[in-house]
Structures are given as C-alpha cells and as structure tokens.
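Remarks on the structure that follows.
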Amino acid sequence: MKKYIVALDQGTTSSRAIIFDKEQNIIGVSQKEFNQIYPREGWVEHDPMEIWATQYSVLQEVMAKCNITQENIAAIGITNQRETTIVWDKNTGVPIYNAIVWQCRRTADICDELKERDGLVDYIRENTGLVLDAYFSGTKIKWILDNVEGAREKAEKGELLFGTVDSWLVWKLTNGKVHVTDYTNASRTMIFNIKNLEWDERMLKELDIPRSMLPEVKNSSEIYGYANLGAKGGIRVPIAGIAGDQQAALFGQAAFNKGDVKNTYGTGCFLLMNTGEELVKSKSGLLTTIAIGLHGKVQYALEGSVFVGGAVIQWLRDELRIISDSSDTEYFATKVEDNGGVYVVPAFVGLGAPYWDMYARGTIVGLTRGTNRNHIIRAALESIAYQTRDVLEAMINDVGYDINCIKVDGGASRNNFLMQFQSDLVGKKVIKPIITETTALGAAYLAGLAVGYWSDKEEIAKLWFASEEFEPTISEERRNKYHKKWKKAVERSKGWALED
C-alpha cells in the first residue's frame, strides 16, 4: 500500500493541508482562509475554534480529494504561525479568549514596564535569545491572565493550559491527551531558556505565569501522539513532526549546514541563518533562536523578523485598491523605469529587526507631482527587498563571515521583479527551489524522519533542486546609493506613534 506524509500548515491567514509522497511530489493541497479580528488599533486576534475547524476540514478535504484514507498516511507533520498565543480550559477544552496573534501590539505597555526592571532586558537577550517585544508569547499570556475575568485564579489551580498553535492542534487532534510543543516554538515564547532547554523560572516569575499551564517541550521530530482521523476504533496516525513556520522552511530548504540562509516572503519576511551548534549572540538587533531540535540536541539560528513583507501587497489591494490581484504588482512595477524617488516604509505595526521600534508607523516619502500609482506599487514591492537587506547586513556583521546565496520561498518569491531586485540590492545570488512549499515540506520531512519514511537528512538533501536563480545586475555603488535613501526613509517612520 502506498504511503504518504500529510503536512498541516497553519498560517496567519489560512489553514492548509498538503500531501507529499516519498519523492516530495505534492499529491494534493487544500486551503481555507479564516477571519482576522481587529478589536482595536494595533490589536490582532484569531478565533482558536475557527483555526481548528479550518485546519481539520482541510485535512479531511485533501484526503477525500486524493482518495486517500488514514491507512495511507505514514505520519502527520505540523507547522504553524509562531508566537500566537492560545489559553484554554483544561477540562472543557474551550479557549478562554481569542488567540492573540504574533502581529498584535497590545502588550507594548507591559513591555515598557518590564524594561524598567533591573537587568531584565539583558537577561531576556542572554537566556531566551529574544528582545523584549510585544511580538513574543510571554507578555500575551500575561495579558490574558490579567484581563480575562477569573483567568488568573483558574491558572493558579492548574485548570488552564497555554499553547502556541502547534500545541493547540496536537491537543485537539489527540482529543486532549497530549499537551506538547517543540524546541523551535518554545524558543519564540520569551519564557524558554535556549541554553539549558527548559522553561525559564525567572521569566515565569517576572510575568507571573504558573508553570502548570505550559506544554512539555519535545524534539521537532518524534512521535508525540496519535490522531484518529476516521470512525472510533480506526487506524491511529502518528503525529511525528512539529516546527514553527520559519524553522520548518529552513529545514524544507535543506539548509542543514552552518552559514546556510533562507528568506521566506510571506505575510512578514523571515530571514534565517543556520549557525549550527554555535549560539551566536547578536550585536545587531537580531534574534538568536532554535533552528531545529533533533535527538535531544539543537541547532541554533540567527533570525531577522520583518513584520510586513507580502502584507504590503495585500494593503495595496485591499486598502488602497490600486491593484485588483497580488500578481498585478509585477506588471505595474515594470511600467516605470525606477521608483521615481518614492520609498514606502510599511511599518504598519512597528518595525521588526534590526530596528525593533514598536512605535514606528508606515510612511511614504519622496512624493512629487510626477508620482503615479506605478511608482507607489514599485516602492511597496522594493520595501520588501530593502528590509531583507537590512537584516542580511546585520547577520553578516554578527557571524563575521559572508554568504554565497539566499534560498527563497513564500508567496512573494513568485514575483520575478522582486527576486531580481533582491539579488541586485544584496549583491548575492537568489535561488528558488523547485518545491516552493518549503514550510509544509519541512514539517513533512520532520514527520517522515521520525517514522523512517526517509532515512536521514542526507537522503532529504539529495531531493532539493533549484528551479530559478537570479544574479546581481547592478553595480555596488548603485545598490548602496539606493539603500542609503531607504535608511533615510526609515528614520522618518521611527517613533511616530509615541505620544508627544
């Protein structure tokens, strides 16, 4: 009987299920979007029950579409939007509040208060690898416990559970039998110590989070539990791989070696560099995070998180309405010779790496009477590449060695104008893989390795092939001139939302 691996890819805007075979061919894909909830300015939520409903329905749908039963599934791998925080009742399984999404800035005030505490900023940097920011799960958990009536009392009694989205899905798939996360997701919470690989006692104390709420932290590739996808008493399918979306993409790009770099152009942009077993402390505003955890050992990575990448294209379409489809951007961007001196800094929810300014806001600078919509579309696209260059420069500065190329994936990597401009701007080769579903593929690899579907990383590396390569076509002088102007535009956006 032919066996397959199913990857559940739970993203910021949609839930997807993808079936892969042993040669990493995609056999089937199902996807459902779900609601984005914006209760106030800067707040972003999801309904956890809708996350679960859409994720489970696409799993059933893709199996039906491909005429595959649970007997054909060797294992399930899960990859997920990271940092997004869910707290639910251990006994009823009902979430006590909506999921607070990674983009949500509601805990900026909590972060400001924590920054006043003696030595805490440095402690967080040193032990969690992160910066003190509203982006991570820790302050989101605190907010829920402090603001949902009765939550803190229930948490103290051991009646509440916290999980990132992976934990929530595993808990639901196993009917509440398994409460786990993996090293990669734990490393994004700001309450996990990436040196001793344990939940950090001081951080739990500082944020007043009971340890009983927390999931057990496991390898990124092992059997965590079993999902029963059919009628009661049917075949139980092992859930055998978990990784946060960006780490899954790094693994799916076969970036197994020290110095390998990938950039995912999704809602945000996420540049990761594998630093092997070396925990590199960033001097440049990057995060030190766990790349993957296998066999009780971890590899580390440097990460630059850009909050608004492909989301700037959605903004052009949904808010400005100057394009009707995301794919139109490439056409309009090439209708003008250059950006006409226009720079878009899409700091809609603040600036991520390497600036970390929660109070920055979006700006468009350099407008003249001659500016038309094509200039704005082009400048918006270019902003994705500029932010990537900022992060890459910081990375190279931190590790002290250069890189040869960037492996790319994510929706916006389909835009050839953007990929060529990216190569021009960083002066490096940009390589697109044949399989661009690298996030789901990474989760599939992790699950497959745990059950012996693939034997080892070497077998996987042989399956990775490039589909397109982009080489730089402009001079260093020109790329630096462009970048200097961009930096000037960034300065204009900083601190905008601060009260006078």
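Using the three backbone atoms N, Cα and C, a Cβ is placed for every residue, glycine included.
Reduced to three states, the DSSP call for G411 (ATP binding site) is helix. The ATP binding site feature in Swiss-Prot is assigned to T12, T13, S14, T267, G310, Q314, G411; the stated evidence is sequence analysis.
Within 10 Å of the C-beta atom of T12 (ATP binding site) sit 21 other C-beta atoms, taking all shown protein chains into account. According to its DSSP assignment, T12 (ATP binding site) is coil. As annotated by Swiss-Prot, sn-glycerol 3-phosphate binding site applies to T12, R82, E83, Y135, D245.
Remark: N415 (ADP binding site) has S327, T329, E330, L381 as non-local neighbours, by Cβ distance under 8 Å and separation of at least 6 in sequence. Taken from Swiss-Prot, the feature ADP binding site covers T12, R16, T267, G310, G411, N415, and the record attributes it to sequence analysis.
Residues within less than 8 Å, Cβ to Cβ, of E83 (sn-glycerol 3-phosphate binding site) and separated from it by at least 6 positions along the same chain comprise W102, Y135, F136, S137, K140, T164, R188, T189. Under the three-state DSSP scheme, E83 (sn-glycerol 3-phosphate binding site) falls in the coil class. According to Swiss-Prot, the feature glycerol binding site maps to R82, E83, Y135, D245, Q246.
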Least Cβ-crowded entry, counting other Cβ within 10 Å, from the binding-site residues listed as G310, G411: G411
Rounded Cα separation (Å) that holds between R82 (sn-glycerol 3-phosphate binding site) and Q246 (glycerol binding site): 8
Among the ATP-binding set T12, T13, S14, T267, G310, Q314, G411, as the record gives it, the longest Cα-Cα distance in Å: 14
Binding-site residues (R16, R82), the one with most neighbouring Cβ atoms at 10 Å: R82
Non-site residues, in chain order, whose CB comes within 8 A of the mean position of the CB atoms of T12, R82, E83, Y135, D245 at sn-glycerol 3-phosphate: Q81, T84, V101, W102, R188, G244, Q246, G268
Among T13, S14, Q246, T267, Q314, which are binding-site residues, the residue with the most C-beta atoms within 10 angstroms of its C-beta: Q246
Chain-internal residues near D245 (sn-glycerol 3-phosphate binding site), provided their CB is under 8 angstroms and they sit 6+ positions away: D9, G11, T79, N80, Q81, R82, T264, G266, F270, T439
Chain-mates of R82, E83, Y135, D245, Q246 with C-beta within 8 Å of site centroid, glycerol: Q81, T84, W102, R188, G244, F270, S305
